[in-house]
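The transmembrane segment annotation in Swiss-Prot covers 5-25, 84-104, 129-149, 182-202, 213-233, 287-307, 321-341, 350-370, 377-397, 416-436, 456-476, 501-521 (among others).
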Amino acid sequence: MKKEFLMFLFALLIIPIIGIFIIWSTQFYSKMYQYPFYYMPYPFKKVVITEGANSCMLKDGSWSQVVLTDSDDMFIQNETAPKVVAFIISILNLMVSLLVYILFDFSNNQFQFIQEHYDLSFYDIYLGVDGISIYFVLLTTIIIPIALMSNWNSITNNVKSYLIIMLLLETLLLAVFLVLDILLFYIFFESILPPLFILIGLFGSSNKVRASFYIFLYTLLGSLFLLLSILTMSSIMGTTYFDALLKSNFDYTIQIFLFCGIFIAFAVKTPTIFLNNWLLKAHVESPLGGSIVLAGIVLKLSLYGIFRLILPLLPKASLNYTYIIFVIGVITIIYASFSTLRTTDIKELIAYSSVSHAAVYLIGVFSNTIQGIEGGILLGLAHGFTSPALFFIVGGVLYDRSGTRLIHYYKGIAQMAPLLSLLFFIFSLANCGVPLTLNFVGEFMSLYGVFERLPLLGLLASSSIVFSAAYSIFLFNRVAFGGSFSKFFENSIIDLTKREFYALIFLGVLVVFLGIYPSIILDGLHYNVSSLIYSYGCKFCLG
């Protein structure tokens, strides 16, 4: 491969950092009418200003810095410009990831675009992608622009800080999927926590501090077991490089120890039953962009980690303890599904729905069958599109217009916002896993893989289909119909803006198009998953 193509992966990490530097170092001002004045052009509109002031109050109640020149020209801090810069940077990164996808050879199950960087730190950094990580890279670069669009108008204070955190999260998330060293994987895996902590702590709702500490403590304590397992691997093999570890065949006793440590860390990140309190609080209290990144990408880190650390390196332990994973997954599905039926908070309902679907793709990948593993990846990607769209609708449209997340306040929204209701209906069907959506293909293949291994638990896991239909249809029916709309929302609920429509229709097209043509993803996955199953069997026999 040409040398200039090899730099694409490095560019994926550098472009957001360049965007961070531009936003941090540049003062964005817009020239307005001559001072004094009382009206401003869009997007500032009416302001309140006094003579000699160095700040003014915008129409939404926020304050903006003012610069007065000798000619009485006035410059006001432009909060839209840095948002545009961040959005352009994220779109540019999406274009680079699409180039990597186009140039990727899916008939080769080895790592490609491999880069070695010796001069960036005291530690050698290896970057590369294979037929599995390429899809998670694409998912990340797709979701970040959606997250930036979601809070376009609702974030009015500390805008630069918010944008810097979002671009920093993109860099760290991409690094997790690109590094070829398990120690660096752990470092970037944990480096995501401080930005999330600050994001929720600064821009969250009323209980944001409590939620930020929950997510930090839960995931940090869980990841200590992952660090212990990685250090054990390193001491045994003398390396932390992926390719070298793939040639290992750990003793069964060591495999059990490593499996327990790694699975605990990923069970917290998925999350599973008894370990999901942090996710619910984080989703409910997080700003909309944080919820979208959390549901769309962060929850997929455990799925990716299972493919990197458990399935190829610990085959015998993962095969022998499959039934325990299945039991945990089934209990999580049933618990989360019942919890959705009793909650009155829309955001909390979608958070519980995420826990239920995460349990389905968890048991799918641990089925150790080609269908189950491929289905688990498909369902993870589908959830990465559907869940952010639902959060966008309830947090970026309904909540921004009404100021409440309580379900019983909403009814008859279809009368005021038919386009919003139509897209809400499409994503509710996708969340149910109906045919012609990517969710259906992923859920069907995941459950099929479970049926092949343990039919009884597969039957219990299939209850997720019934439960997801129950809470998704209930939510849509209650919000879109359910009688005449409340007079409280008569003047506040309006239909989708162009920004909201473009973001939601883009995700909707992806979910439906890939549901009709899933071979676009499955053909690329098949070589890597088949190779994984083959090496799996060889190591199991040798062990």
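Cβ coordinates are placed from backbone N, Cα and C, and glycine is handled just like the others.
Beyond its flanks by at least six residues, the transmembrane segment (84-104) meets 1, 5, 8-9, 11-12, 15-16, 18-19, 22-23, 26, 112-113, 129, 131, 134, 137-138, 140-142, 144-145, 148-149, 163, 166-167, 170, 174, 524 of its own chain at Cβ-Cβ distances under 8 Å. Within the same chain, the transmembrane segment (321-341) stays apart from the transmembrane segment (416-436): fewer than three Cβ pairs sit under 8 Å, each pair at least 6 residues apart.
The transmembrane segment (456-476) and the transmembrane segment (416-436) are in contact, since at least 3 Cβ pairs between them lie under 8 Å (pairs 6 or more apart in sequence). Panel annotation: around the transmembrane segment (287-307), residues 132-133, 136, 139-140, 143-144, 146-148, 150-151, 154-155, 162, 166, 169, 173, 176-177, 185, 189, 192, 196, 199-200, 203-204, 262, 265-267, 269-270, 279, 347, 350-351, 354, 358, 361-362, 365-366, 376-377, 380, 383-385, 387-388, 391-392, 395-396, 399, 532 of the same chain, lying at least six beyond its termini, place a Cβ under 8 Å from a Cβ of the stretch.
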